[in-house]
Amino acid sequence: MKQILVVFTGGTIGSAASEGTIKPSEAAPFKLLGEFRRRFPEMAKEIGFDSIEPIRLLSENLAPAAWPIIIEAIEAKQPERYDGVIVTHGTDTLAYTAAALAFYFRGLKVPLLLVSSDHPLDHPQANGPDNFRCAVDFILDVKEPGVFVPYRNRGQAMQVHRGARLASSLQLSGDFFSVQGQSYLEYRDGRFLSQSLPALSARAEMAGVKARFSDRILIIRPYPGLDYTHFSLNGVEAVLHDLYHSGTACSTRQWGENHSLPAFIKRCRQQGVKVYLAPARKSPDAYESTRFLLDAGAEMIWNMSIEAAYVKLALAYGNFQEPQDITAFLAVDMAGEFVD
């Protein structure tokens, strides 16, 4: 009999709707397993589920301090005693937790999959049961070590995403995609189909990295008229500045220094705060504004999603003090987070 560890953490998949309000439910985790056994009785007979619930929350309420709680609970169960691990999670911060688990469990020798649902399980259109079924099949059939996220967008085939490449849901939508739209596998009619991404090679060993994630990384997103005087740097260890799709942000002083990212970078340097930029694809040619930002002293995190960059920075600053150690850590491909 196959053994699967199921780690419940709340989210929509662990919630119920009552009187117009969706909130975490004590019964929802049992409902997920019960629904699986009802829909797939023959498969369920061959699987033993061991379940734990280290935390219960709606994922919009998640903070970096939640990740060590989940990680330590999984480690306490000795995950490699199982054929695989399934972590249920809400959709709002799914991409961040997927990256956190992908980085931390980069050396895990069994599959770990995060499963979410676009509606509570009582909803007739909820994709949670199908996502869970795909995760189980992945553990039984693919058996590939690593962290993955199976998710079926409405009206589309199920996709399996690498944990460190999942992007947050699109605006006004519950759909999920991998960065550059390149998922790892497609799951159709009980079969996994390659999407031409190679399997992950052996990851570099990062001895001594603990489940410590800094909560003092400030993310700033660009928009026309962004005024940097609104930001205090008190208690900030590093700034991660999001970029427009072309890898740019406002580099001119035409509208005043308060709107200029190079001027803000200078202010950060004066206060001992490093500024990182993401996402951007590395290529021989770059926009003039991007050159200005790099010349001002910002460090680009190339070829990585903003979610993965944030989590990797949080892990780096949670574990290292010396700038050269942080830079070296960011440069290592830990979980397939770098895109070509």
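Placement of Cβ uses the backbone N, Cα and C atoms for every residue, glycine included.
The shown structure was predicted, so the numbers you read here are calculated from the model rather than taken from an experiment.
Residue environment of T12 (active site) contains 27 other Cβ atoms, counted within 10 Å of its Cβ in all protein chains. For T12 (among others), the entry in TrEMBL reads active site.
Look at TrEMBL and you will find T12 tagged as active site, O-isoaspartyl threonine intermediate.
The 10 Å shell around the Cβ of T91 (active site) contains 20 further Cβ atoms across the protein chains shown. Per TrEMBL, active site is recorded for T91 (among others).
Marked as substrate binding site by TrEMBL: S59, T91, D92. For D92 (substrate binding site), the same-chain residues that are 6 or more apart in sequence and have a Cβ closer than 8 Å to its Cβ are L58, S59, E60, L62, S169.
Annotation comment: TrEMBL describes 3-183 as domain 'L-asparaginase N-terminal'. Mean model confidence for the domain 'L-asparaginase N-terminal' (3-183) is a pLDDT of 95.
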Task: Shell list (substrate; ref centroid = CB of S59, T91, D92; cutoff 8 A) - done: G11, T12, L58, E60, L62, H89, G90, T93, L94, S116, S169
- [ ] Give me the Cα-Cα distance between T91 (active site) and T12 (active site), rounded to a whole Å.
- [x] 7
Task: Neighbour tally for S59 (substrate binding site), based on other Cβ positions within 10 Å of its Cβ - done: 21
